[in-house]
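Student: According to Swiss-Prot, the protein has these features:
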- 141-182: coiled coil (COILED)
- 31-45: compositional bias 'Polar residues' (COMPBIAS)
- 205-364: domain 'SUN' (DOMAIN)
- 106-122: transmembrane segment (TRANSMEM)
Amino acid sequence: MPRSSRSPGDPGALLEDVAHNPRPRRIAQRGRNTSRMAEDTSPNMNDNILLPVRNNDQALGLTQCMLGCVSWFTCFACSLRTQAQQVLFNTCRCKLLCQKLMEKTGILLLCAFGFWMFSIHLPSKMKVWQDDSINGPLQSLRLYQEKVRHHSGEIQDLRGSMNQLIAKLQEMEAMSDEQKMAQKIMKMIHGDYIEKPDFALKSIGASIDFEHTSVTYNHEKAHSYWNWIQLWNYAQPPDVILEPNVTPGNCWAFEGDRGQVTIQLAQKVYLSNLTLQHIPKTISLSGSLDTAPKDFVIYGMEGSPKEEVFLGAFQFQPENIIQMFPLQNQPARAFSAVKVKISSNWGNPGFTCLYRVRVHGSVAPPREQPHQNPYPKRD
């Protein structure tokens, strides 16, 4: 609505403003109610006490207008205060927001600057570190790889050698029992397992005393027994037992199961042991060992006429083809001859075979002599 052209001090203008403003209107209504109450109470008071009353309507209206203006100004000030507070509050929030935004922006800029500086100086430092810290270990690693390659070649060579040895062992395991036995027999035939000097060896001067030795068995049966081709009368002399050649048929045979042989030693010897050797059953032409000697007695002989000294009685087991017998009686004297007297064999009534006889002892007298156990002389 357009404003009226009334002056500010006009009471009508004030009333009009009061009509448009609700709060001054309420104040004016209160003023009217107060005037009415005064009018209502005035008759009662006039009834009791009659005083002179002066009505001033113009002053009352002016007061009401002033009160309405004050109320209006108060409301306007309150609204201005509220709006000012809101504006100030919003301004503070904006300031805080701007401050935080600036702080975060500064931090981001600082981080970006630091990263830029780090990226500029890092490559050179990384290069130096690689030169100092990586090249050394890399060189060591290359040397280690070369050593590993070298040792790998050696390992391959060793593995090849091991494979060859394994193949040979497998071949040896695949050999039959007969081959193993034959090899063992050949070793026993050609090898000397008695590591003692043999004073009955023909090659060093030992011989046979034929005067005190049994007659050699000479018969057609022996010829057919040992040789299939009958070209000559087959018989080996007694001194064959003084040679190391122990092969089937290369033995001295005497008739029956009783006989003797006297061996003249190469020199006088303090006797300690005697060894008998026979062929194994596996290579015997007859397939048996019935011609091997069984029970026998050993005598030491010295002087002329020769005196016999009993040295021991023994039994030969043909399963053990080489047997060494320690003498039961070892007198403290040296002997120049040894007699081996056989009293039985292992079942052959026709003849007995001796393959090899060895005599062991020492040239010097032994330090300690065992207790002598002399036996009566035997023919």
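Keep in mind that glycine also has a Cβ here, set from the backbone N, Cα and C atoms.
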Student: Within the same chain, where does the coiled coil (141-182) have neighbours whose Cβ lies under 8 angstroms from its own Cβ atoms, ignoring anything closer than 6 residues to its ends? I mean 6 or more beyond.
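Tutor: The answer is 282.
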Student: Would you report the average pLDDT that the model assigns to the domain 'SUN' (205-364)?
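Tutor: That region's mean pLDDT is 89.
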